[in-house]
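Feature annotations, courtesy of TrEMBL:
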- 1-100: domain 'Kinesin motor' (DOMAIN)
- Gly31, Gln32, Thr33, Gly34, Ser35, Gly36, Lys37, Ser38: ATP binding site (BINDING)
Amino acid sequence: EHNTEQIYNEIAYPLVEGVTEGYNGTIFAYGQTGSGKSFTMQGIMDPSTQKGIIPRAFEHIFESVQCAENAKFLVRASYLEIYNEDIRDLLGADTKQKLE
């Protein structure tokens, strides 16, 4: 059994480090309903040890951007849910709307 910090450090950190170097990165959480995918990805903010992969990744990315000198960054993110073959944009204005 792993906590979100261990999962981030072992799996997501190297991927996000590559993103800060200009590569694309994708984290895909797959599993049955109720298995902990949303908690692993989102977590809870308090205590900070329970932060999920997404807030940890954003902190990592924006710390890297802030520390970079003489560089411009364009940061884009998407957060999709695929459930019963329906796709929803969880960052969109209407998260209940199915995407085509």
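Cβ coordinates are placed from backbone N, Cα and C, and glycine is handled just like the others.
TrEMBL labels come from automatic prediction, so no person has curated them.
Quick caveat, the model's predicted, so the values are computed rather than measured.
On its own chain, Gln32 (ATP binding site) has no residue at least 6 apart in sequence with a Cβ closer than 8 Å to its own Cβ. Reduced to three states, the DSSP call for Ser35 (ATP binding site) is coil. The DSSP breakdown of the domain 'Kinesin motor' (1-100) into helical (H, G, I), extended (E, B) and coil residues amounts to 41 helix, 12 strand, 47 coil. Between the binding-site residues Thr33, Ser35, Ser38, the minimum number of other C-beta atoms within 10 Å of a residue's C-beta occurs at Thr33.
The average per-residue pLDDT of the prediction over the domain 'Kinesin motor' (1-100) is 91, rounded to a whole number. Sequence-distant contacts (6 or more apart, same chain, Cβ under 8 Å) of Lys37 (ATP binding site) comprise Ala29, Tyr30, Gly31. Take the CB of Gly34 (ATP binding site) and look out to 10 A: across all protein chains shown you find 7 other CB atoms.
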